[in-house]
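Here is what TrEMBL records for this protein:
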type: DOMAIN; residues: 1-396; note: domain 'Major facilitator superfamily (MFS) profile'
type: TRANSMEM; residues: 21-38; note: transmembrane segment
type: TRANSMEM; residues: 76-102; note: transmembrane segment
type: TRANSMEM; residues: 122-145; note: transmembrane segment
type: TRANSMEM; residues: 240-259; note: transmembrane segment
type: TRANSMEM; residues: 268-286; note: transmembrane segment
type: TRANSMEM; residues: 292-319; note: transmembrane segment
type: TRANSMEM; residues: 331-358; note: transmembrane segment
type: TRANSMEM; residues: 364-389; note: transmembrane segment
Amino acid sequence: MLGRTLTSMFWGVVADRYGRKPVIFIGIITVVVFNTIFGLSVNYWMAICTRFLLGALNGLLGPVKAYASEIFRHEYQAVALSSISTSWAIGLIIGPALGGFLAQPAEKYPAIFSPNSIFGRFPYFLPCLFISLFALIGAVCCFWLPETLHMHPSNCSPTESYDALETALPKDNGKTETKDGRETDSGISLLKNWPLMSSIIVYCIFSLHDMAYSEIFPLWTESPRKFGGLSYSTQSVGEILTITGCGLLVFQLFLYPFVEKMLGPIKIARISGVLSIPLLTSYPYIAMLSGVALSVVLNCASLLKNVLSTSIITGLFILQNNAVEQHQRGAANGIAMTAMSLFKAVGPAAGGAVLSWAQKRQHAAFFPGVQLVFFILNVIEAIGVLMTFKPFLADRSQYESLN
């Protein structure tokens, strides 16, 4: 995440100059190379360096969001961007499950993997190799992707994305013509585009919450009962996350577009944020259940929480892409990724630290044990919900009519 924070804006500008496809391809190849090396790490610092380089050289997500919004017509924007947020969310869910199943194969599957083989010497190489091979297939598929960044004589120059970031006006009169013949002011700095920046700030708040929750949930479920946890095994947690991922995929691809068409992205973010608060409040009480009741309720709660979180992120994706013209989308998503990566770097560390601290205060008078953890998550969620209202969060069409 630190590597992505330092380079996301650069990759966004490159995507606006040279196209989305090259940046997407470079990002996937980076995963193939450095994720494989990560699995072969011989010490802690080698692992840290490979992860940093994986983030710094991988500017994939920003250009992919721009690509998805450009390859679909306007009425299908919800489908396009929900596919991106769903892919990210499912990766966060299926990834840990996959790691749990494939890590340390020589111990788990001695009949297949010898302790003297490379998988015995490097117990975490198999899941890394599996992901790298999957990414390699994606890299090969990139050759058939059409480029969506089209530069016409009437449009701005390829350097305008950089100029926008530097707050300088382009060399022409600052106007660019859209496909329907309208002229818009393309020389306005992205950093002064309040509809864009407000949606990015709200996006960062919810990203902080989501990453902290993603760290806390498996730790909480695996914690002993005496610390307010569920005493689940890693395999049981993996099964919950797998079920959640499948349900999330169905909702986002088939139900979210209809909900977005009825309510719009801002209302979806608000409603999802509000519903998440009582849901998280119920988690400490879910721990009082046992047996089949616990399994059913926990699976439902996990699925609902991830559906709500992904709906929020998808709505904010739509707002961000609608806040800028096509020739600025790469740079705009680069800014979003820079800020979001910083918050996502903080989220897991902070979430784990808060859970560890909360488990030491089981008998406190104020929010004892894990109640404090979910209270803090709710505070962050509530801040994000409040920021979705005017005058903070601005819609581009309304903002332009006022200015």
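Heads up, the Cβ atoms here are built off N, Cα and C, so glycines get one too.
Here the transmembrane segment (331-358) has Cβ contacts under 8 Å with residues 1-2, 4-6, 8-13, 15-16, 55, 59, 61-63, 65-66, 161-162, 164-165, 190-191, 193, 196, 200-201, 203-205, 207-216, 219-220, 223, 228, 320-321, 323-324, 369-373, 376 of the same chain, all six or more residues outside its ends. Here the transmembrane segment (21-38) has Cβ contacts under 8 Å with residues 11, 14-15, 47, 50-51, 53-54, 57-60, 63-64, 67, 128-129, 131-132, 135-136, 138-139, 142, 145-147, 330 of the same chain, all six or more residues outside its ends. Counting Cβ pairs under 8 Å to the transmembrane segment (292-319), the top-ranked stretch among 76-102, 122-145, 240-259, 268-286, 364-389 is 268-286.
In this chain, the transmembrane segment (122-145) lies close to the transmembrane segment (76-102): three or more C-beta pairs between them fall below 8 angstroms, excluding pairs fewer than 6 positions apart. Note on the transmembrane segment (240-259): residues 76, 78-79, 82-83, 85-86, 89-90, 93-94, 96-97, 218, 221, 232, 268, 298-299, 302-303, 306-307, 310-311, 314 of its chain, located 6 or more positions outside it, place their CB under 8 angstroms from a CB of the stretch.
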